[in-house]
Amino acid sequence: MAAPMSESWSWFLALAFGVSLLKCLLINTYHSTDFEVHRNWLAVTHSLPISQWYFEETSEWTLDYPPLFAWFEYGLSHIAKYFDKEMLVVQHLNYASPATVLFQRFTVILADVVFIYAVKECCKCVKGSRRSKDLLGKPSFVLAGLLLWNFGLLIVDHIHFQYNGFLFGVLLLSVARHFQGGHLEGALLFALLLNLKHIFLYISPAYGIYLLRSYCFTKDNPDESLNWRSFSLLRLATLGVIVCSVFALSFGPFILLGQLPQVLSRLFPFKRGLCHAYWAPNFWALYNMADKVLSILGVKLKLFDVDRLPKASMTGGLVQEFQHSVLPSVSPSATLVCTVISILPAVFSAWFRPSGVRGFLRCVIICALGSFMFGWHVHEKAVLMAILPLSLMAVERKEDARIFLILATTGHFSLFPLFFTAPELPIKVLLMLLFSLYSFTSLKMLFRHEGSLLSVPEAVYLTGLIPLEVFCEFVYPWTTWQQTLPFIPLLVTSVYCALGVSYSFIMLNVLLLRTENTGKNKSQ
């Protein structure tokens, strides 16, 4: 048995080794301010007592991740001192010696071991394994390629610089454990994930509903309605102990120091603006664009006095609060309400019409994308929180593959403005083309007997990304508008991609309703 298993997974080792080599080749590429962010956190956690971690503000890049990630940085700092001790001095702002760059880049690559292992576990969970001599006919191989070689994850972590691979590895491993029936381990991993990066709170409703409905309640009635008598208090208590223990270990020291309010103020800085400096391609990008168009039309038609309109700086690169000119300004509480409303169909479906672990995964994806669409101060990189889990669904069902292609293509393209230096232009374009070619080819091969994946309008829309890139990179910089309206390429990219992301979100909910109706018909 061992020989066939090792032989059948040899391709996985080749994929993992190949992408690791590529990551090493990207070590000397441009890195963003996030590189200095994490260097500063290394210095803060290494040089200062724990009581000062969430108060230190020598650098503008203060510690704003949950305590467990701070401990992760603390552990790395004790290895960093053997590379270059100067990187661990808090006052050494923007320090980036060759040894520092090498150390921080390699920590991201090594942390990705968690992601590689998680991908392997997810590949074991794929159903509908097709007997094919061609690797592109095997769902597990296609999934491994979509995850390990994910374009967005590669450029965000190994050029821009972050530890998303490590974090998404924990998420995917948690999902895999639920597929394998290890619900307690899955819950433990997700609790750890929340204490590593709190953005994953957005998908906690999916976890909470699934574990309560499908784990704490042990069986349903014959008509698939909830059997209240099957509730297991022991299971609920076990989950509570696991989750509370993780949070106690993470936040406990700061609670004892009386610093919980300070930690929470760092984790949830609502004084930041509705949108990031570069608009994430979501509903608010379309809302902001509509506000600008209405204000321009209003001034042209002499409906508004230009001197009385608020001076919004939504595309000026500033991270601050602002007022819309015509449409009502949006508060954090309004975005929270919109986010909750956007995920309600998925949450209700998970409770009233549970469809097992795949229904849970679909709920995770919709919660992730709903928070991206309507959340407060959303980063464009957060779209990966929906793209990566959707990869698992894309290799099993044609309708999900269709949505994946649209969401991944537009979501990945929206990351282009993050990489604005000339040397990175051919890298990002080539990697995007290669990943897109693989995605379309492999998924088309998987569903070759089920017709075309995209409709004509969808294909035309995605093809439109090519002239958009040519315009933004090669045409617009030579126009006179570049000096007076430098933000136009960012605005156009964000709004165009927002259309594709919004369409994907709508289609995910339509597919959810179709699946639910199909389930009802089968039960009748």
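One-based numbering along the chain as shown.
The backbone N, Cα and C atoms fix where each Cβ goes, and this holds for glycine too.
Remember, it's a predicted structure, so these values are computed and weren't measured experimentally.
What TrEMBL lists as signal peptide is 1-24.
If you look up TrEMBL, you'll see 102-119 (among others) marked as transmembrane segment.
Residues or ranges marked as transmembrane segment by TrEMBL: 140-156 (among others). Listed by sequence, the residues of this chain that lie at least six past the ends of the transmembrane segment (140-156) yet keep a Cβ under 8 A from its Cβ atoms are 11-12, 15-16, 19, 22-23, 26, 115-116, 119-120, 122-124, 126, 129, 162, 164-165, 168, 172, 381, 383-384, 387-388, 391-392, 394-395, 408, 411-412, 415, 418-419, 427-428, 431-432, 434-436, 438-439, 442-443, 445-446.
Distant neighbours of the transmembrane segment (186-212): 65-69, 72, 167, 170-171, 173-175, 177-178, 236, 239, 242-243, 246-247, 250-251, 267-268, 339, 343, 346-347, 350-351, 354, 357, 359-360, 363-364, 366-368, 370-371, 375, 382, 385; these residues of the same chain sit at least 6 beyond its ends, with a Cβ under 8 Å from one of its Cβ atoms. TrEMBL lists 186-212 (among others) with the feature transmembrane segment.
For 232-257 (among others), the entry in TrEMBL reads transmembrane segment. Panel annotation: around the transmembrane segment (232-257), residues 50-51, 54, 66-68, 71, 184, 187-188, 191-192, 194-195, 211-212, 215-218, 263 of the same chain, lying at least six beyond its termini, place a Cβ under 8 Å from a Cβ of the stretch.
Annotation source TrEMBL lists transmembrane segment at 334-353 (among others). For the transmembrane segment (334-353), same-chain residues at least 6 beyond its ends with a Cβ under 8 Å from one of its own Cβ atoms are 202, 205-206, 209-210, 213, 224, 274, 283-284, 359-360, 362-363, 366-367, 370-371, 373-376, 505, 509, 512-513, 516, 519-520.
Tertiary proximity for the transmembrane segment (359-379) is limited to same-chain residues at least six positions away from its ends with a CB under 8 Å from its CB atoms, namely 175, 178, 202-203, 205-207, 209-210, 214, 270, 272-276, 280, 282-284, 319, 332, 335-336, 338-339, 342-343, 345-347, 349-350, 353, 385-386, 389-390, 392-393, 407, 501-502, 504-505, 508-509, 512, 515. Residues or ranges marked as transmembrane segment by TrEMBL: 359-379 (among others).
Positions annotated as transmembrane segment by TrEMBL: 426-447 (among others).
Summarising the annotation, TrEMBL assigns transmembrane segment to 459-478 (among others). Sequence-distant contacts of the transmembrane segment (459-478) (same chain, at least 6 residues past either end, Cβ-Cβ under 8 Å): 405-406, 409-410, 413, 416, 425, 429, 488-489, 492-493, 496, 499-500.
Here TrEMBL flags 490-513 (among others) as transmembrane segment.
Counting same-chain residues at least six beyond the ends of the transmembrane segment (490-513), those with a Cβ under 8 angstroms from any Cβ of the stretch are 278-283, 285-286, 289, 315, 342, 345-346, 349, 362, 365-366, 369-370, 372-373, 380, 383, 399-400, 402-403, 406-407, 409-411, 413-414, 416-417, 461-462, 464-465, 468, 471-472.
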